[in-house]
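Pasting a structure here, questions to come.
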Amino acid sequence: MNLHEYQSKQIFAQYDLPVSKGYPCETVEQALKAIEKLGGDQWVAKCQVYAGGRGKAGGVKVVSSEAEVRSFFERFLGKRLVTLQTDAQGQPVNTIYLEACAAVKKELYVGMVIDRANRRIVFMASTEGGVNIEEVAEKTPHLLHKVAIDPFMGAQPFQGRELACKLGLTGKQIHQFAHIFCRLSKMFSEKDLSLVEINPLVILQNDDLHCLDAKIVVDGNALYRHADLKSLQDPSQEDPREAEAEALGLNYVALDGNIGCMVNGAGLAMGTMDIIKLQGGLPANFLDVGGSATKERVAGAFKIILSDTNVKAILVNIFGGIVRCDLIAEGIVAAVNEVGVTVPVVVRLEGNNAERGREILAQSGLNIIAAESLKDAAVQAVNAAK
């Protein structure tokens, strides 16, 4: 689960991490009061959306007057911001964060992720702040320094000091960086996070370190023990189809293709998407109905898939292990009748009660294309979508 920047900075402040004073604003009136409270003659206005790349899209700007604040709010508030990380529709800007402008001397990068291969939380830092860190990791990996956090001992100050020296920090900056290193690591573990980024962590003109940005992603599987974080979720930033799928117990991710996919099992779902691509098609979604699929969930899955107007065909690929193919077949028939599916539906059933499932589909009288194999199913779906 993503958090907005202003929410992330509020959590940063709880852990004694240096952040700028700021106010989230939902109206121009709130914004004018905010700059009055902040004082000074320059402020930074930041559109609050989950996606990155706001700056290049114009969603982050230094403003120097009430007129510029009004202009920025009129341009973005209530509109949708399109960045390199969003689709063509963008994400809605319901809140704009106003904070004091900082005098920056140098930009650094700091981040934390879970290294699943090594089963460790990894702290990363680089002198290349304020840029796409993926490019740094790919083109100049020697500039991205990493420290693995021991799960029993936790982050140690000496590790932070060593990392600070690698970044070329000196004097009080070494102590400040060690503090940020330890507090950030503590926050990561206590809040069950899966990602933290400060891009950039800056050196101010007075040589202090300061968190100019803040990004937090919470492990969704741990939200049951973090009601305070769960309450921060902003449904408007998420695809409504994905929210509906979550309510039905389905795993759904929208994509840009035109072949809808309904599969049981994440691995089989990814394999199905791969073979569609291999046959020259483009999957419109990832959808895993899970091992306890019911008629209602199958019908719900069809509705979600068909809510995407780009879908020209649907491929249903079910391997009956825990789930019975005959129940899936009944769900498909019920869904097609209920929803009124107008696009071709290709079905491949294998495993538990697969033969009975095929009989149900054949006797339904519906225009459902039966496939003999996964490759055959992909070929027929690609042809049907043309």
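Every residue gets a Cβ built from N, Cα and C, even glycine.
Annotations per Swiss-Prot:
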BINDING   K46, G53, R54, G55, E99, A102, E107  ATP binding site
BINDING   N199, D213  Mg(2+) binding site
BINDING   N264, G321, I322, V323  substrate binding site
Could you state the CA-to-CA distance between N264 (substrate binding site) and G55 (ATP binding site) to the nearest Å?
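If we compare the Cα positions of N264 (substrate binding site) and G55 (ATP binding site), the gap is 40 Å.
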On the three-state reduction of DSSP, what should I expect for G55 (ATP binding site)?
coil
If you measure from the Cα of K46 (ATP binding site), which of the binding-site residues N199, D213, I322, V323 is the nearest?
D213
May I ask for the distance between V323 (substrate binding site) and E107 (ATP binding site), taken between their Cα atoms and rounded to an integer number of Å?
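Rounded to a whole number, the Cα-Cα distance is 53 Å.
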Can you give me the same-chain residues 6 or more apart in sequence from E107 (ATP binding site) with a CB-CB distance under 8 Å?
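Sequence-distant Cβ neighbours: G129, G130, P200, L201, V202, I203, L212.
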Ten-angstrom check, please: count other Cβ atoms within 10 Å of the Cβ of I322 (substrate binding site), all chains counted.
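Around the Cβ of I322 (substrate binding site), 13 other Cβ atoms lie within 10 Å.
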Which one is it: of the binding-site residues N199, D213, G321, I322, whose Cα lies the shortest distance from the Cα of A102 (ATP binding site)?
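Sorting the binding-site residues by distance from A102 (ATP binding site), the top entry is D213.
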Rounded to the nearest Å, what's the C-alpha distance separating G55 (ATP binding site) and D213 (Mg(2+) binding site)? Just drop the number here, would you?
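Each residue's Cα considered, G55 (ATP binding site) and D213 (Mg(2+) binding site) end up 12 Å apart.
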In Å, how large is the greatest distance between any two Cα atoms among N264, G321, I322, V323, the listed binders of substrate?
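Max Cα-Cα spread across the substrate binders: 10 Å.
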So the record assigns K46, G53, R54, G55, E99, A102, E107 to ATP. If I measure every Cα pair among those residues, what is the longest distance in angstrom, as a whole number?
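Across K46, G53, R54, G55, E99, A102, E107, the widest Cα separation comes out at 20 Å.
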Could you check which of the binding-site residues N199, D213, G321, I322 is the closest Cα neighbour of E99 (ATP binding site)?
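Of all the candidates listed, D213 is nearest in space.
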